Amino acid sequence: MEYYSPVFHSLQAFWSSPVKKKLLLLSIMFVVWVYMLYSCVGYCSTMPGLVMVDTPRGKETAPATGRRSDLVSRLLAKPQPWEDVESDYEEPSIRTAASRDLLDADRDRVPDPSAMSSFSNGSGSKKLPQAIIIGVKKGGTRALLEFLRVHPDIRAVGAEPHFFDRNYENGLEWYRDLMPKTLEGQITMEKTPSYFVTREAPARISAMSRDTKLIVVVRDPVTRAISDYTQTLSKKPDIPSFESLTFKNRTTGLIDTSWSAIQIGIYAKHLDNWLQYFPMDQILFVSGERLISDPAGELGRVQDFLGLKRIITDKHFYFNQTKGFPCLKKAEGSSKPHCLGKTKGRTHPNIDPEVVQRLRDFYRPFNMKFYQMTGHNFGWD
């Protein structure tokens, strides 16, 4: 007994220590847990496992016997997140060879956009435009677009895409990628004034969507031609005078209709081309003059045409006496007043009154036809 007394005393001292007692209990519990774990694994290994099988619709689970995973992989394997079938869809490249071939085969025919009208990408999605401001140059299109962007249900591209006249070979996917993201109920818009005078534009827009709503800002064609010339003059000060460009022969008074500044103002001729592809009720004509004198009134018509609530009203505008144009009290995404840039509202050069009168005489029959076609007298004569 005396030989075992040291051991006895050591055990007694060990049990008398609370910390050591807890360590012993934890060790016993660990041994029991390991035993139960091994027992469970041995039982589960007799059951058929589940493996991932690739199918045409994605990855699916299927029973597989004879496949065993080692203990470490079973213990360390993490649960896989749920994968939606649609997440495997990849958006086709903007410049695919297939789309190039389609466009090369017939540049005036485009693929059916129903399968590519939008794609999800974060908050909102990019869609092909449902409404386009197609004209006219120097008519007030920039002002209209800036005013419309105040509306919470309108999202528009800032720059002119020129897709249907200059960049059509890039394809609809390239075009759609230029658009801003929109939420459900919002309208995607763009403006490129040269569409109105581009012969191919109506057919191309119709091929994209026959339901596209078209907006044309028109202005007194004489004033518009002078404004067009003024813009060119600011960039090329050495160009010939307005008078010399207007006439083929000043003596006979024959107007040179090949000059774009004159040609754009023959609105009835261009409208004829658009009516081959779109009904009149899908085209809204905005008065460039009233867009200055009564911006809220014209914006009300546009909002009605687009099927939107009249949110843009008189309270959004103030008249800038210096520029002679209405300005926004608060622009899109800003709390500060906003007027159009310095390039808008340039002072026109003095034009010989006789030249102005000859231009009015030239445009009068075209204006009369345009009034009849649209059912609206714009009062330019």
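Positions of Cβ are set from backbone N, Cα and C atoms, glycine also.
Nobody curates TrEMBL annotations by hand; they come from automatic prediction.
Feature list (source: TrEMBL):
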| type | residues | note |
| --- | --- | --- |
| ACT_SITE | Lys138 | active site, for sulfotransferase activity |
| DISULFID | Cys327-Cys339 | disulfide bond |
| DOMAIN | 129-364 | domain 'Sulfotransferase' |
| TRANSMEM | 23-44 | transmembrane segment |
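Cβ neighbours of Cys339 (disulfide bond) (same chain, under 8 Å, six or more residues apart in sequence): Asn320, Lys323, Phe325, Cys327, Leu328. Taken together, the residues of the domain 'Sulfotransferase' (129-364) have an average pLDDT of 94. Taking all protein chains in view, 23 other C-beta atoms sit within 10 angstroms of the C-beta of the residue listed as 'active site, for sulfotransferase activity'. Cβ neighbours within 10 Å of Cys327 (disulfide bond), excluding its own Cβ and spanning all shown chains: 19.
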